[in-house]
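*Asks:* Quick one: structure below, then a few questions.
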Amino acid sequence: MDSRISSSASSVSMVIFLAAVFLAHLHSSEAAVSKGSFEDNFSIMWSEDHFTTSKDGQIWYLSLDKDTGCGFQTKQRYRFGWFSMKLKLVAGDSAGVVTAYYMCSENGAGPERDELDFEFLGNRTGEPYLIQTNVYKNGTGGREMRHMLWFDPTEDYHTYSILWNNHQIVFFVDKVPVRVFKNNGEANNFFPNEKPMYLFSSIWNADDWATRGGLEKTNWKLSPFVSSYKDFSVDGCQWEDPYPACVSTTTKNWWDQYDAWHLSGDQKMDYAWVQRNLVIYDYCKDSERFPTTPEECSLSPWD
């Protein structure tokens, strides 16, 4: 991770307070969508002994200690759709700890993978969590954005969602669009739209870069660090080899109809507010890393 990506922000407390007021009406809970048990949807990727559930099996816990973290992935792959999960992040001093919630075309970090990332970057007690998103195509990422949140993500569950169709990828937090990544409708090297993806989540140590560019290290005396999950929901095109019928007829699904190809009027208002107040870093504006502006940065999120 490039250490030049700054995670500093001024007047953080006031911004978050104003954000909470501005967006309070959007914090109503989404209707729970049952998609079966954890075992129906997911497999443990590693360290099964670091995974636990609530007594009723509806809440899932991943833990990180000095030995290892833990992760899970969906049993199915999808190409396009709506993907949603409620998360509650590690509370207290979480510097160096990353909770990742992402989609990827491969089980490992292969050199040709496509990937859509939510990464939650821990911090020292009293400092805000940062949320980092990234987009990979054919193994090339580097398209980071970082945002503050308008709430404390350790106090309660909040919904993190990805809308993915052939026109745009939108990252949502509690129904608020925080990032819009557009396609140009042509063959290109930036928009992942060809490979089906699994959905993953994991918790792991990244104190070489995650908090203040690696200056703040994980305090292992406070381990285990635990993140929790519930209410997984997917409405997408489930992949079937060699080629699922739904990919060629996606306009029958709400997530790939005209209204899902663009932000609505209300979504544009919320997105504009987020852009003005909560963006910490945008790779499109980093001329030091990218002397030539990446092609996709010229595409308007408003179209």
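Cβ atoms are placed via backbone N, Cα and C, with glycine included.
A TrEMBL annotation is a machine prediction, not a hand-curated record.
When I checked TrEMBL for this same protein, it listed these features:
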ACT_SITE  E115  active site, nucleophile
ACT_SITE  E119  active site, proton donor
DOMAIN    5-229  domain 'GH16'
CARBOHYD  N123  N-linked glycosylation site
SIGNAL    1-31  signal peptide
*Asks:* Please list residues from the chain of N123 (N-linked glycosylation site) whose Cβ is under 8 angstroms from its Cβ, counting only those at least six apart in sequence.
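*Replies:* N123 (N-linked glycosylation site) has long-range Cβ partners S94, A95, Y129, L130, T211, E216.
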*Asks:* Far apart in sequence but close in space: which same-chain residues, 6 or more away, have a Cβ under 8 Å from the residue listed as 'active site, proton donor'?
*Replies:* V98, T99, A100, Y101, Y102, I131, Q132, T133, N134
*Asks:* Any same-chain residues 6+ apart from E115 (active site, nucleophile) with CB under 8 Å of its CB? Would you list them in sequence order, or say none?
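*Replies:* Once residues fewer than 6 apart are set aside, E115 (active site, nucleophile) is near Y102, M103, C104, S105, N134, V135, Y136, G141, P192, M197.
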